[in-house]
Amino acid sequence: MIMRFNTTDYLAQSVEDAIQRNISLAAYNTFRFAYRAEYFAVADSIASLKALLAWAKEFKQPVTMIGGGSNLLIAADVSGLVIINRLTGINVREQGGNLVGLTVAAGENWHQLVAFTVTQGWFGIENLALIPGTVGAAPVQNIGAYGVEIKDVLVRVQVINALSGDVYWVNAQDCGLAYRDSYFKGKWKDTLFITAVELSLKKQAALLLTYGGLSERVKGEPSLKAVFDTVCEVRREKLPDPSELANAGSFFKNPIISHAQHAQLKARFPSLVSFPFEKGIKLAAGWLIDQAGWKGKQYQGVGVYEKQALVLVNYSTQSADALLELEAKIKHSVATLYGVELEREPVQLPSPVQADVPNMETQG
């Protein structure tokens, strides 16, 4: 039975109509695990999102926001209200000189946004082509590929506070953006939900081709379109399409170790694949997993993708149990062989996190 929304607000009836009970989330996560949401609704406007959050607050229901579901590991039924973010819209404004600003709603498809910017001749996110998911998920994970991260072009993030219903902007430098991480993935996870992002792109820029052998793969004269096409081509070669084979992209982060630990490992494993990263060394997790013998292995309906050991796939199961077991086995192997701890990249649901909300100094 749906709980009554006790308010005179004109949205009350539509909120009750919008909220469903006991809905499968199989279609809302790219692993296709068939766990269920206790309450479920779709938000396609700020007004509907505010009304849904007010309902959840009134009935003391926890809230989970899902975009494309491409970086999620749903491992159990999700209590409370699950909201699917379908906010759309792109606003373009000139910033003067070489810059152009974009305000993009969180429910927009990320790859389609990248393709749009390429057709407009705007530089900055072409290396992030074909990353699945929605725009709102990009800062959560600080998505990155081929030497570029979203934080390189992110100006600020519009959020809605689940406790107060306030909508305001938070500057990018205040979001805790790090390697595949942010405060939205941690302490703000259940309190601040992204409704839009503001990006700053360039009308003219030097292409970044130094990572992942892009320069060797680009056909003809390097151009914005050529880099975009090459990134798409390479990703299609290495990574399975979630619509054809259930997966959440890279399952493990590339571990960061000290120079001293790297020197020890390099002495033992001369072919170790690694890259300088800030004050340390980034190891290729895919190489570690491959060398540990896991590439292409299958286990109880799940497995390690045969073309890229970073990717775990779901062949046939509706439960995450086997995947969690496989993850543990891989982590144990890598830790035993190399003394390196692998860290999961997708966000697990449900996963309670204590909130710490920033001041609203950047309201807009």
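Residue numbering: from 1, along the chain as shown.
Glycine is treated like the rest: Cβ placed from N, Cα and C.
Here is what TrEMBL records for this protein:
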- Arg180: active site (ACT_SITE)
- Ser250: active site, proton donor (ACT_SITE)
- Glu345: active site (ACT_SITE)
- 32-204: domain 'FAD-binding PCMH-type' (DOMAIN)
Rounded to a whole number of Å, the separation of the Cα atoms of Glu345 (active site) and Ser250 (active site, proton donor) comes to 7
Spacing of the two Cα atoms, Ser250 (active site, proton donor) and Arg180 (active site), in whole angstrom, works out to 11
Cβ proximity for Arg180 (active site), under 8 A, sequence spacing 6+, ordered by residue number, returns Gln141, Asn142, Ile143, Gly144, Lys253, Glu345
On the domain 'FAD-binding PCMH-type' (32-204), the mean of the pLDDT values is 96
Simplified DSSP label at Ser250 (active site, proton donor) comes out strand
Neighbouring CB atoms within 10 angstroms of the CB of Glu345 (active site), all protein chains considered, total 20
Cβ atoms other than its own within 10 Å of the Cβ of the residue listed as 'active site, proton donor', all chains, total 21
